[in-house]
Amino acid sequence: MANYFNTLNLRQQLAQLGKCRFMGRDEFADGASYLQGKKVVIVGCGAQGLNQGLNMRDSGLDISYALRKEAIAEKRASWRKATENGFKVGTYEELIPQADLVVNLTPDKQHSDVVRSVQPLMKDGAALGYSHGFNIVEVGEQIRKDITVVMVAPKCPGTEVREEYKRGFGVPTLIAVHPENDPKGEGMAIAKAWAAATGGHRAGVLESSFVAEVKSDLMGEQTILCGMLQAGSLLCFDKLVAEGTDPAYAEKLIQFGWETITEALKQGGITLMMDRLSNPAKLRAYALSEQLKEIMAPLFQKHMDDIISGEFSSGMMADWANDDKKLLTWREETGKTAFETAPQYEGKIGEQEYFDKGVLMIAMVKAGVELAFETMVDSGIIEESAYYESLHELPLIANTIARKRLYEMNVVISDTAEYGNYLFSYACVPLLKEFMTTLQTGDLGKAIAEGAVDNAQLRDVNEAIRSHAIEQVGKKLRGYMTDMKRIAVAG
């Protein structure tokens with residue numbers, strides 16, 4: 001199989017990379033009705049599989065789970081989760097032939113085996129669904145021409161998909177139809193009904209493409225969402241300890257600092273995050289972020305280039321074939337780092353203290369978010385997609401670090417994201433070593449002293465922060481989500 005994206009000509013590549021349309025609420029007036037009365041079979045019962053299934057069932061759809069024979073016989077976690085939640089469970093052979101929509105929610109590395117197993121069992125004219133397009137775009141999986149291929153990709157972990165639905169809302173979602181597999185022209189109707197059944201239409205849906213979703217998703221998770229947080233955690237911890245900070249305090253400042261900082265990001269973008277700082281600290285964070293962007297830009301561009309060309313995917317798939325040797329080695333090495341093994345701090349750190357003593361961390365967040373966004377947009381990805389794959393998801397990933405440090409982040413994210421995270425962080429840490437030696441008192445671990453501020457400089461910095469393209473599109477999208485939530489709750 002050949003990488004699908006690389007089989008397209010340049011015009012087709014640009015068209016698919018740039019496909020992104022914010023869909024109106026009125027386009028979902030029929031809700032999930034297109035799939036009602038039809039049989040939906042989900043393959044896989046992990047976080048996305050279970051929680052999407054729960055939402056879809058609560059939306060009135062007929063949901064069952066197809067699992068491998070051995071998973072059922074051995075009563076593995078997937079079988080237990082499905083049965084304990086009252087779902088019908090059966091083998092591929094028992095359930096797939098009757099399915100109108102088969103939703104493949106297994107890990108990326110299992111997709112080819114799963115598709116090879118289920119495709120011969122699928123009835124003529126059925127539909128195959130994904131929540132990530134890696135198998136179609138990067139692996140180049142060939143699907144029977146009578147099968148409709150669609151994607152519904154919630155921009156949150158599975159647990160969040162469920163919790164937001166229970167609140168009467170949903171999570172922002174990308175939907176797409178594979179242009180090579182829409183024989184009856186019903187792909188968009190299926191995708192819209194599926195998205196509505198998960199609650200995504202209440203938070204905002206982008207009509208995208210398999211290509212745009214995959215390329216932007218890989219870029220976001222490798223750089224700002226995971227790679228930058230891992231590299232920043234290791235660098236900041238080592239710097240604090242080297243400067244004489246208690247390792248336990250240093251660990252807590254970083255572990256919970258990312259979550260506290262990005263909560264402001266979630267509520268009001270980079271503007272609000274920077275506004276949490278004193279004026280002298282804001283000016284310093286801005287200056288540091290500009291330095292970081294200059295240093296890291298080539299690394300971000302290399303990751304984007306390798307994602308676009310398929311170099312990243314081919315390297316990762318080679319590691320799959322080698323029993324994940326690189327992935328498992330990097331995972332083990334991360335677990336042995338000083339940050340991961342540091343003692344816990346029992347004292348309290350106030351919310352504002354995380355901002356006041358984390359100026360460098362704020363600069364890293366700002367630089368990483370803007371670089372990821374800019375690099376994606378420069379590569380042909382539309383701003384809305386770039387926003388969701390950079391700034392929007394960052395607080396969710398930061399929350400995993402707050403739970404159990406980097407270990408938890410790497411457990412929760414996909415193996416694909418974890419592999420890309422290590423590639424980035426292993427390159428970023430040495431890249432920033434010299435920069436870390438130039439830090440001043442007040443950049444990390446201590447608050448910046450109050451001092452005189454040049455009004456013109458502060459005015460210009462505030463304007464530069466607020467006028468960045470990600471702040472403009474972010475304000476629009478966050479406003480839309482707020483309005484949608486208000487309507488949903490009122491309803």
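Glycine too: its Cβ is placed from the backbone N, Cα and C atoms.
Mg(2+) 2 is bound by E389, E393 in Swiss-Prot, and the record lists one more residue there from D124, D146, D182, D217, which is D217. Site annotation (Swiss-Prot): NADP(+) is bound by C45, G46, A47, Q48, R68, R76, S78, D108, K109, Q110, and the candidate from G140, G158, G168 recorded at this site is G158.
For the recorded Mg(2+) 2 site, residues D217, E389, E393 set the reference point as the centre of their Cβ atoms, and the other residues of that chain within 8 Å of it by Cβ are K155, S216, M219, G220, E221, L225, Y388, S390, H392. Using a 10 Å Cα-Cα cut-off from H132 (active site), the binding-site residues that qualify among D217, E393, S414 are D217. DSSP classifies S414 (substrate binding site) as coil under the three-state reduction. Taking the C-alpha atom of G158 (NADP(+) binding site) as reference, the shortest distance to any of the binding-site residues E221, E389, S414 belongs to S414.
The binding-site residues listed here (C45, A47, S78, K109, E221) include E221 as those with a Cα within 10 A of the Cα of E389 (Mg(2+) 2 binding site). In space, E221 is the closest of the binding-site residues A47, K109, E221, S414 to E393 (Mg(2+) 2 binding site), judged by Cα positions.
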